[in-house]
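> Pulled these from TrEMBL:
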- B:10-103: domain 'Pseudouridine synthase I TruA alpha/beta' (DOMAIN)
- B:52: active site, nucleophile (ACT_SITE)
- B:110: substrate binding site (BINDING)
- B:143-243: domain 'Pseudouridine synthase I TruA alpha/beta' (DOMAIN)
């Protein structure tokens, strides 16, 4: 059996997130169905992240054991034949026996898009958070800097996570104006807690709109109190952008 | 009665084109419904172009007569409250009495996006033509230059148009690589024939893929023979980008 690593990208709009569940179609299930059609094998794949419903991935890594005779580098062609248009296989390779997309990942980078304009944008409604009030980019970045470094992020997680520790190292957290009306937030860390990026972004929006003093962020993070941060920003603005192996 | 001009943008994926028809929902009908809800008036709007099903507009101009007391500059806010997420009002103003979005337009610019990569892209499937074979940008631009200027474009139209003349002046026709795997074709003209941009793009793809000699384009255009050009490129890559008033 080979240990095959697969890189995909997907538009999460029409899925109930990554992970298999009984209530709705997920990306994982759709990938497993395509693998079954391409190789004849009914297997379970391991993903690098549990993305929520509506969250997208510009790059997502998964792995699975397979006895297929299709060479790894040809697998994306075979899978794309069976995959729907909102999921695309980009690259596959034979990974070492002990590689796991869940446990071998050394870090991830997410981006989050905020449409900051009074009117909605038809092309961004599924790919951004429409925030129609003024945002101060300088204040957002002053607040964002406080997230960088090693912190206990227990105040920036939704309940439901099952981690041993809530300490994470954020390698980068900053915002840029990537188009006249678009603010893109980048957050890179060794690992993330459940909803961590979306709560950080909701808190940055409070800092940018004047609701929260950017200089209060270090104390807010240290408090570990979820109630002091901003809302959980909606899922459709979030993209897994890069997975570090 | 005021003559109100309205600038909108829309994602055409879920519409049967701009113009009202009995077989399916159109952008025109959706706008008219929103105007009815916002102003109470059942009116008919005049659009600047009949875009086909699946074609998008980054900028689209329409006009209509109204007795509403809502100031023109507030209309986009009122309309966006009732419009679905794939149509957005951007600007409205009181136009001169004789202004017509159909007849006062002095030119239009379209862009057409070609995804030139072996694998599909989930985020571009509704916004580009997936062309998986190699394309030579230099050859495309050599062919594109032949379209510029005043020509009889009767060989670059689908049947069904009702124009007096098939002579049009193309002000610009060129292709650029706007992302590593994305070629964007721009075509600007005083006016367009039915399906003209999509047939031009289909022909440029033939030139770029080596199926057609780019230097044969002037004679091909002069022939007026639709059968010598390329296919009609699919609608979802086409965007009305700019309307010149």
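Positions of Cβ are set from backbone N, Cα and C atoms, glycine also.
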> Please compute the mean pLDDT of the model over the domain 'Pseudouridine synthase I TruA alpha/beta' (B:10-103).
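Across the residues of the domain 'Pseudouridine synthase I TruA alpha/beta' (B:10-103) the model's pLDDT averages 96 on the 0 to 100 scale.
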> Out of B:52, B:110, which of these recorded positions shows the lowest number of other CB atoms within 10 Å of its CB?
B:52
> Pull the DSSP breakdown for the domain 'Pseudouridine synthase I TruA alpha/beta' (B:143-243) and write it out as helix, strand, coil residue counts.
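Across the domain 'Pseudouridine synthase I TruA alpha/beta' (B:143-243), the residues distribute as 36 helix, 31 strand, 34 coil.
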> Report the DSSP secondary-structure composition of the domain 'Pseudouridine synthase I TruA alpha/beta' (B:10-103) as helix, strand and coil residue counts.
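Here the numbers are 27 helix, 22 strand, 45 coil.
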> State the Cα to Cα distance, in Å, between the residue listed as 'substrate binding site' and the residue listed as 'active site, nucleophile', rounded to an integer.
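Rounded to a whole number, the Cα-Cα distance is 13 Å.
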> With DSSP assignments reduced to helix, strand and coil, which class does residue B:110 (substrate binding site) get?
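Its secondary structure by DSSP: strand.
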